[in-house]
């Protein structure tokens with residue numbers, strides 16, 4: 001039986017070459033050529049990953065009875081999942097991510113099929129995720145306008161226009177080049193953490209506190225579902241959605257310096273940081289949320305705005321606290337456009353989408369996959385039109401974020417588990433180089449790069 005052989009990518013075992021040289025060589029061994037500018041460091045890619053997850057901010061958009069326990073379960077499950085994703089990212093840091101790893105790990109007779117399916121569910125998940133981030137940003141801004149102006153009558157088409165404005169802003173920043181996006185993400189990481197305390201402190205100090213029994217022991221079934229268990233699992237979707245997109249750093253790997261080290265660290269640190277901040281904010285909100293029925297019936301469409309209003313007793317105070325969430329919401333749109341377009345570009349580079357020659361093009365002046373960025377923007381704007389007809393229908397579309405992304409995680413984790421349990425992965429000494437042996441069929445189309453750097457691996461004989 002064929003084996004995949006690998007060696008640890010510990011930075012101390014890689015020799016004395018520069019990080020950029022190692023990154024280029026690592027991509028060459030994956031059959032790819034480095035064409036994007038590596039402007040992200042560990043701090044900026046951590047900020048990028050944290051702001052896309054936006055876990056504590058995202059909790060304001062959902063919540064249900066049993067939220068504490070569903071959050072803990074979602075956090076633990078997500079962390080276990082991304083330990084595997086981080087391990088694979090350290091072995092093969094490529095923007096393709098899940099579908100590329102699937103090609104590495106799948107049995108030869110299923111490799112192409114599973115890789116193609118994984119690529120498409122990842123594309124669908126990220127495209128829907130970008131649309132959902134833009135939709136949330138647009139409607140949250142509209143909700144703030146409702147809170148500020150009591151005589152304002154909102155319309156769905158206005159929310160769509162604000163969505164488009166957020167996407168255009170994201171487009172401008174993504175096309176800026178010159179490392180501006182990476183510097184912005186570093187700043188946003190600071191806002192993300194300081195903003196947490198800027199909301200937590202007034203929330204806990206000024207809010208009316210509920211008893212611990214109400215918070216930890218009271219379960220509700222506001223949806224009149226058949227059983228309390230079903231209600232709990234339905235409510236868990238908000239917590240799961242808050243952690244969706246943790247693989248964002250993976251799809252930026254070809255723009256990250258020392259990617260095999262920085263990307264896995266960013267993935268796991270972002271889950272730890274966002275999970276901790278999210279859990280703390282969840283406890284604070286549940287203790288201080290005040291009148292639940294009034295918060296849920298708010299005309300803004302976002303209960304957290306009404307909660308802030310109840311706590312501060314001031315529209316200005318509520319708007320000030322809400323602005324922190326809005327800033328992170330808009331910046332997450334910027335990051336989502338980057339990650340979504342890179343994933344689409346990588347899949348097009350491997351000829352996985354129609355018109356792959358167009359979408360795999362990289363601008364020589366900007367060193368960016370501009371066509372994939374434009375296509376991602378267009379898809380989001382078209383999905384935003386659904387909101388004019390029915391916001392419920394749009395919510396059904398964006399729900400594919402969770403199903404698409406977590407399906408891609410499941411396939412990759414299952415394949416790695418299969419390889420581990422059947423003894424088809426082994427470690428070998430190989431000097432100071434990073435070694436990850438693919439099955440031979442996965443190297444179609446990689447000959448030109450291999451000729452430049454030398455033949456990367458050969459399939460071991462059983």
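Note that Cβ sites are derived from N, Cα and C of the backbone, with glycine treated the same way.
Predicted automatically and left uncurated, TrEMBL annotations should be read as such.
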Using TrEMBL as the reference, determine which range in 373-394, 439-460 is annotated transmembrane segment.
373-394
Which one of these stretches, 68-92, 187-205, 307-339, 400-418, has the most C-beta pairs shorter than 8 Å to the transmembrane segment (113-136)?
400-418
Verify whether three or more Cβ pairs under 8 angstroms connect the transmembrane segment (400-418) with the transmembrane segment (266-287), leaving out any pair fewer than 6 apart in sequence.
no
Which of 68-92, 373-394, 400-418 shares the most C-beta pairs under 8 angstroms with the transmembrane segment (156-175)?
373-394
Of 68-92, 225-245, 307-339, 373-394, 400-418, whichever stretch has the most CB pairs under 8 A to the transmembrane segment (187-205):
307-339
